[in-house]
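Trainee: Before I ask anything, here is the structure I am working with.
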């Protein structure tokens, strides 16, 4: 114990002893004055000074610009949620997860890979809509032809049309949310507020994704039931049927070109 205490005291003295550091300079022999090679007029790179201050606006234009900047930053922060809920990503990600579970695959493909596949399929499906937003909203705003408010309205139109197009054949969810908001029955797309359209679109996408998932599960459930009955008839009760049925599911999925059929039907469902 005393030995450990002495070691701690020794290292503590080393840490707290002041160390004098001498700069390297060239001193002629026999003199105490020296010359350094550094240029006295040369300044080292400095970190720029950034000042965040609150001041009173001089004109109404300053107030409007501050509000616009705040709205723009808010939209950037919620952009991932908008991508998830207002595009085809929601349906694609849910269906791909259903496929993974129906094939009894636990780790392959990973969730990050499925999300990446859903993301790029979303870009492929939404590319015409994004092109309209770029041509009608972003490009004129960047060139100074329109303001932020008009750019927002122009960007909103293609997204509203895409969401309404998916529910045009079955507008039940739109009517439900309109009734919950105590609004009259809409006759056209212009009569539906954006917040109601987004809520109805989310519910519609969840419904469609689960319907597709049920149809995907049916053939694989039949394989599980056949394998389980065969194992029970052979007396192999302790053997998990999932381990035996998974290779047969993969063989069936590969033989019918499952990925090609799945992606093709998903793409057609958005047309």
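Heads up, residue numbers simply count up from 1 along the chain you see.
Any Cβ shown, glycine's included, is placed from N, Cα and C.
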Trainee: In Swiss-Prot, which of the ranges 29-49, 92-112, 113-133 has the transmembrane segment annotation?
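Mentor: It is 113-133 that Swiss-Prot describes as transmembrane segment.
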Trainee: Name the residue range among 70-90, 154-174 that Swiss-Prot annotates as transmembrane segment.
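Mentor: Swiss-Prot lists transmembrane segment for residues 70-90.
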Trainee: Quick test of the contact rule: Cβ under 8 Å, at least six residues beyond the ends. What residues does that give for the transmembrane segment (113-133)?
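Mentor: For the transmembrane segment (113-133), the far contacts come to 83, 87-89, 92-93, 96-97, 100, 154-155, 157-159, 161-162, 263, 266-267, 270.
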